[in-house]
Amino acid sequence: MTMEESQWLQDVLRYSLKASSYTTADDKPPQADPRLGKLVEGILFSRRFILTYHIIILGIIFSLSVGHWSGKLVRWRRRRAMKLRTFGAEDEYDADAKTITPYSQRDRISVCEVEGVSFSGSSTTQGSEGSASPPRRDLSKDEDEDEDEETPLLHQGNAPHPVYSRRTMISYIRAFLVYQPRPIPFFNKVLPSNGASLAVLAFIGLNIFYMYYHINFNSFETFVWADRFGLLFVANLPYLYILAAKNQPLRLLMGQSYESLNLIHRRLGELLCLEALLHFVGMIATWYQTFRPSGFGFIRFLTLKVTFLGLIALISYEMLYLTSLASFRQRWYELFLGLHIVLQIIGLIFVFLHHSAARPYVGVSLAIFLIDRLVYRIGVKSSTLEARATIMEDDDTVKLSTIITIQRKPRYIFGKPTTAGWLPTDHVFVSIPSLGRKHILQAHPFTIASQAPGPEDEKAVLDLIIRAQGGFSADLLMRARSHKTLSIRLDGPYGSPHARILVESCSTALIIAGGSGIAVAWPLIHHLLDTRRRTDMETAPSSKTLRGKRIVLVWIIHEGDHIDWIGRKALGDVENMGVEILVPRATSEIGRPDLKAIVKETVGKHAVEPKRSIGVLVSGPDGMNRIVRNTCAGMVRDGLDVEIAVEKFGW
């Protein structure tokens, strides 16, 4: 490249800093070489081309919204048909009432023996402990040999379950989408379901297309693709922040909330960091091709105002990525929370100053961030309450309880606080400033473990179950030993209606909880029971309506004392109302139960009846969630009408 070309190209780079999607070819600098004219045309094409990216994204959101609302209509029709079938059996039931054994005695699994393991609803209320002995290991083998997350410590034989022959191409496709692969070796990175992975890959593929479409890969046009990477980075910023926002319109449009969209948020964040890095590498290559021949040194290039501002933004977002990795987040969660806010603010400021084309996108992103954080989370949805702190029997868990007077208004336009009520599976962010200075600005998510208030309730009890695992929870446990009452600040409620709608619309609801996952399951159990009462479909524990809607709770506990998180009496009460409860003995005593056998037997028992749909909700550790999901995938492949929702409580 000659000195004249180098100087002209530097003028093109300065011109590109001012070019926008509204800039035309008439505004370009005078041409000294046809190749330089192509360079300017490439820059202007990128400015216009990036606008179509937003059209496609909005089209995808519209399509998913239509699918969501169509699905809601289908589920509404299913619930209506289920009620009609139940009421249609009324005369027959009334005629045979004297000869039919009540459901609570006839169909409830009081004791379910699966190859030496006792699962008993009554074990939680009557003290039955079964007859199984702890598993024995073959000491001649290596401790970890032939074992993985799906291998139960208590080995069991083949549990009987029905054999189905309704496999179709559609059932195979559905099963493939539900199936969740094993974690990535070495990195131990948990993968989502195949369906979620395909959605993420499609989104990444769309970005790759926009990265390289109409790009000429030659050294002379290096700046064009470097500029394209930068444009795509800023174009994605608003979507990154809307996915991260707790208060977002996507919940209403698509039926998904922060938890469901968090996967895409993380992958998009990683993609943005890659695009920013490629933009920087492209600009380094541009310096090498353009500035270096004219004696413009590398240090001088880095200290240019536009380069320096972009470099600070790049460092901020790359650090944001590194501190968001699971290994860092799980070890230093409090530090992660602070850095996540500080680094993204720094990044937005310097991207705004870096390039004029980025400013509209940064403005939208900053508005989303401020509205979500200040208007909603600190303003509208913030509540300060006095809570009673109780240390549970295991001496390692704190239950925070507070009585809330429900403040009802005709309509909450901008969302409602916790004092206005919540829904099953909702969670709140908890701050307890009295724990210390470092906890003043920290907020930690916990699922509300108590029954959600009904439409007519004036007061409700809000319970949070918090196990001490270090950091905030360990400090809370220490504080609870000396203080029985704490002032807590709640931000919420937040949650997705997906799991609730799924179990409402199915004939049988199988709810599986692992450990503190009972905080998701327990309010949902009460919600299903209350729904039946409100619709006058149940008048007594032995009512016929229990034959139309069956509820099964499976709770896997690690220690026997964890039963006290809910209480034996409370478990017995819902069991007497017709809920089948299966609580295996603590895993610390007998090892992991065979979840595959439990799910297959429970689903198989109810699936033999015609026109019965099975809704499965699981909330627990990653390994447990994967086992249940993949067991359901196998039954979907066999043609069963099974749907599954996963409520993960890892953050």
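The backbone N, Cα and C atoms fix where each Cβ goes, and this holds for glycine too.
Annotation comment: TrEMBL describes 119-133 as compositional bias 'Low complexity'.
Feature annotation from TrEMBL assigns compositional bias 'Acidic residues' to 141-151.
According to TrEMBL, the domain 'FAD-binding FR-type' annotation covers 378-500. Here the domain 'FAD-binding FR-type' (378-500) is broken down by DSSP into helix, strand and coil counts: 26 helix, 48 strand, 49 coil.
Summarising the annotation, TrEMBL assigns region 'Disordered' to 119-160.
Under the heading transmembrane segment, TrEMBL lists 50-70 (among others).
Positions annotated as transmembrane segment by TrEMBL: 195-213 (among others). Cβ atoms under 8 Å from those of the transmembrane segment (195-213) belong to residues 49-50, 53, 56, 177-178, 181, 225, 228-229, 232, 236, 263-264, 267-268, 271, 275, 278 of the same chain, restricted to positions at least 6 beyond its ends.
The feature transmembrane segment is assigned by TrEMBL to 225-244 (among others).
Using a Cβ-Cβ cut-off under 8 Å and counting only residues 6 or more beyond its ends in the same chain, the transmembrane segment (271-291) has close neighbours at 1, 6, 9-10, 13, 204, 207, 211, 219-220, 222-223, 225-227, 229-230, 232-233, 236-237, 240, 298, 301, 307, 310-311, 313-314, 317-318, 320-321. Look at TrEMBL and you will find 271-291 (among others) tagged as transmembrane segment.
As annotated by TrEMBL, transmembrane segment applies to 297-320 (among others).
Per TrEMBL, transmembrane segment is recorded for 332-352 (among others). Same-chain neighbours of the transmembrane segment (332-352): 234, 237, 309-310, 312-313, 316-317, 319-320, 323-324, 358-359, 362-363, 365-366, 369, 438, 441-444, 471-472, 651, counting only residues six or more beyond its ends whose CB sits under 8 Å from a CB of the stretch.
Note on the domain 'FAD-binding FR-type' (378-500): its mean pLDDT in the predicted model is 87.
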